[in-house]
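Copied from TrEMBL, the annotated features are:
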TRANSMEM  12-29  transmembrane segment
DOMAIN    22-264  domain 'Rhodopsin'
TRANSMEM  41-60  transmembrane segment
TRANSMEM  98-115  transmembrane segment
TRANSMEM  127-149  transmembrane segment
TRANSMEM  169-194  transmembrane segment
TRANSMEM  206-228  transmembrane segment
TRANSMEM  240-262  transmembrane segment
COMPBIAS  273-286  compositional bias 'Polar residues'
REGION    273-292  region 'Disordered'
Amino acid sequence: MIGLTVESWIWYGFVLAVTIARFISRSLALGSFRNLQADDYVVLLALCTYTVLIVTINIVSDDETNLLPPGFDINSLTKDDIRERKIGSKLVLVVEQTQILTVWAVKTCLLIMYYRLTIVRKENVAVVALAIYVAFGFVFMEIFYFGVWCRPFHDYWAVPTPNPQCSAAIHHLITNAVFNISSDVLTLALALQMFIRSKLPLRRKLLLCGIFGLGIFVIFAAVLNKYYSFNQPFGSQWTYWYVRESSTAMIVANLPFLWTLLRRMFKLGSFENPSQQRPVRTSNSAGMGLADGEPHGLLQRLRIRGRRFSSHVLHGVGISSNQSGTLRR
């Protein structure tokens with residue numbers, strides 16, 4: 001089994017490459033980096049918190065904290081030991097918060113994308129309801145983490161701490177598991193039913209379902225990181241699954257946006273119609289911020305009759321295609 005340092009930085013390198021590719025692809029689809037949308041900036045925030053997570057979790061894996069095993073003789077600790085455990089406990093707090101911020105930023109990114117995909121569809125109500133639930137879960141969890149479970153707050157790094165919730169954080173971990181896993185399941189179910197019902201060719205439909213099917217691994221990793229946190233609190237297995245959950249979530253949030261870049265690199269057809277050749281960008285369309293001849297935001301500005309979901313998928317993820325024959329005014 002490879003060590004946490006090697007595995008975590010392999011994950012980080014892959015996530016960084018996919019995220020950079022996403023921004024290049026988005027700039028091609030939208031005409032410029034200046035036209036990036038809200039979810040792109042959320043992903044940038046997620047990359048920052050993810051970077052801090054990878055750095056700090058590698059430090060925490062080798063540090064002692066205020067989580068002491070049963071029967072531990074506190075009198076055996078020197079002043080230096082206590083100081084080091086306090087530092088380790090503070091870093092655990094940083095790890096927990098950056099992991100939460102990364103995962104919830106990815107949820108936000110996906111929900112923004114789903115909102116655009118369903119702007120003229122009945123599923124839009126479900127997306128809004130899910131977004132409210134995700135926001136409520138985040139606010140509830142953070143209020144209780146910072147203001148309820150461990151008081152006074154500095155007991156999170158007190159050695160020893162009089163409150164087990166300040167070291168083992170059982171109540172917080174249960175709260176996190178409930179909101180995190182349930183929202184992941186709902187998000188995955190919403191995405192898969194949209195793509196399965198879409199009018200995309202079967203190969204494209206399977207590709208999208210496969211990408212978002214990685215969300216199953218995200219849920220699996222979320223379950224295991226809590227399992228090891230509860231059952232092996234003094235071990236290091238939970239750190240591996242924190243990294244795996246956050247890394248896979250970042251990949252899931254970025255992969256759907258890479259088609260424009262792949263299309264340019266490998267001369268592929270449109271996502272909706274594989275046999276269709278890539279239209280040539282004209283100087284006028286580039287100046288107006290059009291992606292390969294497709295006006296950005298066109299689907300949101302038109303009143304569409306005989307809607308086809310595939311068109312909304314393409315627009316929502318920044319994939320350009322010739323829409324003739326798809327929309328009817």
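Just so you know, glycine gets a Cβ as well, placed from its N, Cα and C.
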**Q.** Contacting positions for the transmembrane segment (127-149) when only residues 6+ beyond its ends and CB under 8 Å are counted
**A.** 96, 100, 104, 107-108, 111, 114-115, 118, 165-166, 169, 171-172, 175-176, 178-180, 182-183, 186-187, 190
Q: Check the transmembrane segment (206-228) against each of 41-60, 98-115, 169-194, 240-262 and return whichever range has the most CB pairs under 8 Å.
A: 240-262
Q | Predicted model, mean pLDDT over the domain 'Rhodopsin' (22-264) | A | 91
Q: Count the Cβ pairs between the transmembrane segment (41-60) and the transmembrane segment (240-262) that lie under 8 angstroms and are 6 or more residues apart in sequence, then report whether there are at least 3.
A: yes
